[in-house]
Amino acid sequence: MSTIGGLARAEKAPLPAVAVSLRRRPPLPVQPGRILLYIVLVGYGLFSLAPFLFAFSSSFKTYAQVLSWPPSLLPNPATLDNYRFILSGSQLFPRYILNSIIYAGAVTILNVLLASMAGYAFGRMEFPGKNFFYLLTLAVLMIPAQLILIPKFLVAYTLGLTDNYGGLIVPAMVTPTSVFLMTQFLKTLPRELEEAALIDGCSRFRAFWQIIFPLVRPAVTVVALLSFQGAWNEFLWPLIVMSHQENYTLTVGLAFFKGNYVTQYNLVLAGAMISIAPLVIIFFIFQRYFIQGLATSGLAGR
């Protein structure tokens, strides 16, 4: 009985002032400016997605439906023949996909490893000329890629790196952007993390690999996504450095679906959807770490 009476008194006890104020808080007034902003943003988003939605829909159309006027948004009837022809009827398209996977995968792994080690050196070690070499690395970002295209090809040709995977992977195995992101993120970690390990006799590389590297997962995700996306979408350099068609990447191979007189746009759009799919899937899986890495990589100067 005493327990029941205590519960009854607790229920009748007055609520704290904060709880009462929160319960009685009136709803926020509707702001016309905010509603207008949302309408504009939604409209802009739909406008931006319109070309992608039309391309996605056209990938299920026949060649006649793609060229019909006025154009229709939905295929009638929808067909998977375009995807069947590309994946099974075309002998080289699966090879293009394999080449892109090897190229983008190798570039991603090398960028993560080399950029993290370079970022560790620039962000957590002291050595003569550190600031000079770091600024020199950042200065490369101001050089247009087209400006060094011919010198880069001449170097690749001299080293025998043309028309093979080495010519694709070696020039892109580490980028200044990746080094910058890793350096900024590593600067935010307290130095006491590896100093205790170094005092206990741990080597510098072991301290980096076992203590620091597991803590930079958000930055690693950003570097990996940017590296994979850049290598997967690269067109100009694979087109220049590769001479045999079986060595083309997916983006270069899609360009050759265009004929001299007739272009099967339904096949081109189906191939484009296959090319886009891995990037969309990977980004939606790792978007939380991607946003976290971008947000925390700029806190080093606080």
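Just so you know, glycine gets a Cβ as well, placed from its N, Cα and C.
Caution: TrEMBL annotation is automatic and unverified by curators.
These come from TrEMBL:
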type     : residues : note
DOMAIN   : 97-286   : domain 'ABC transmembrane type-1'
TRANSMEM : 35-56    : transmembrane segment
TRANSMEM : 96-120   : transmembrane segment
TRANSMEM : 132-159  : transmembrane segment
TRANSMEM : 165-186  : transmembrane segment
TRANSMEM : 207-228  : transmembrane segment
TRANSMEM : 267-286  : transmembrane segment
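For the transmembrane segment (165-186), the partner stretch with the most Cβ pairs below 8 Å, chosen from 35-56, 132-159, 207-228, 267-286, is 207-228.
Long-range neighbours of the transmembrane segment (132-159) within the same chain, counting only residues 6 or more positions beyond its ends whose Cβ lies under 8 Å from a Cβ of the stretch, are 118, 122, 167, 170-171, 176-177, 179-180, 183, 236-237, 240-241.
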